[in-house]
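K.L.:
This is the structure I want to talk about, given as C-alpha cells.
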C-alpha cells in the first residue's frame, strides 16, 4: 500500500510543473522577439556581407555583431520556447551543458563587440593617421579576442549546469546548477563575477570611450573657434570647419546616448532582478511572474535593437539596407 502511494506521488506532477497559460504567453512573447531579432539581424548580416564597404571599420564590427546577435536569437528565445513547451528538460545532460554554454557565449560576444566598437571609434578619432595604416590588423585582433574571451568565460557553464531529477517527483528532470557549488557564497561569487564581466565592466568601457570622444571633439571645436578669431583671412573656411565639428559632436552625442541607453534599459532590470534572487530568493520569488518574464524579454531584446541603433547612425549601412529592401 505504501509503495503504491509512493509511486502515485512520484508520477503525479503538481500544477506548477505542468503546461499552463503562463507558459503559452511566454512562448508567444519569445516568438515575437525571435522573429524581430532574427529577421532584423539576418537583413543586417546579408546587407553588410553584400556591401562594397563591408571591410570598413564600422561594417567590419557590425558584421561580427550581427553574427553574435543571430547566435543569441537562435539559442535563447528558441531554447526558452522549447523549454516552456516541455516544462521538464528532455534534452539530456550534453545538450543541457551545450545550451547554457551557448546562452552565455552569445551574450558575451555581443556585449564585448559593443566594447570593441566603442574602443575602435575612440582610437580612430584620437589617432586618425595611425588608424588608417594599422587598424585592419588591430580590428581583427579585437574581434578575435572578443570571440575567444567569450568562449573562455562561458566554459564554466558547461561544467556547472547538469541534469537533476526532482527529489520528490522522480519523473521530472531539469537542467540546473543544484548540488554543484559547495556553498551559497561560492555560487554568489560566481554570479557576481558574471554580473561584472557581462554588464558592469562593458558598460564602463562603452561609457568611458564615448565620453573621451566627446571630450576630444569639444577640445578641437574650441581650438577651431579660437583659430577662427585669429585668422580673419580664412574666416569663412574656419566657420565651416567649426560647423562641421559641431555637427559631428552632436551626432556622436546622440549615438552615445542611444547606445548606452539601449544597453542600460535592456540589461539593468534583468541584472537587478538576478541580484535580488541571489541575495534574497524568498522575497524575489514573490514578484509577479509576468514582470519576471518582461524583464527577461527586455534583456534578450538588446540583440533586436542593435541593427536599428547602428543603422540609425551609419549612412552606408542605411543606404545598403534600402537597396536590399528594394531588391526584395
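The backbone N, Cα and C atoms fix where each Cβ goes, glycine too.
Pulled these features from TrEMBL for this protein:
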- 40-310: domain 'G-protein coupled receptors family 1 profile' (DOMAIN)
- 23-48: transmembrane segment (TRANSMEM)
- 108-129: transmembrane segment (TRANSMEM)
- 141-163: transmembrane segment (TRANSMEM)
- 192-215: transmembrane segment (TRANSMEM)
- 255-279: transmembrane segment (TRANSMEM)
- 291-313: transmembrane segment (TRANSMEM)
K.L.:
Can we call the transmembrane segment (192-215) and the transmembrane segment (108-129) in contact, meaning three or more C-beta pairs below 8 angstroms at a sequence separation of 6+?
P.N.:
yes
K.L.:
Which bits of the chain, at least 6 residues beyond where the transmembrane segment (291-313) starts or stops, bring a Cβ under 8 A of a Cβ in it?
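P.N.:
Result: 25-26, 29-30, 33, 36-37, 40-41, 43-44, 58, 62, 65-66, 68-69, 72-73, 76-77, 106, 110, 114, 251, 254-255, 258-259, 262-263, 265-267, 269-270, 273, 321.
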K.L.:
Short question: which residues 6 or more past the ends of the transmembrane segment (23-48) have a Cβ under 8 Å from it?
P.N.:
54, 59, 62-63, 66-67, 69-70, 72-74, 77-78, 80-81, 84-85, 87, 290, 293, 297, 300-301, 303-304, 306-308, 311, 317, 320-321, 323-324
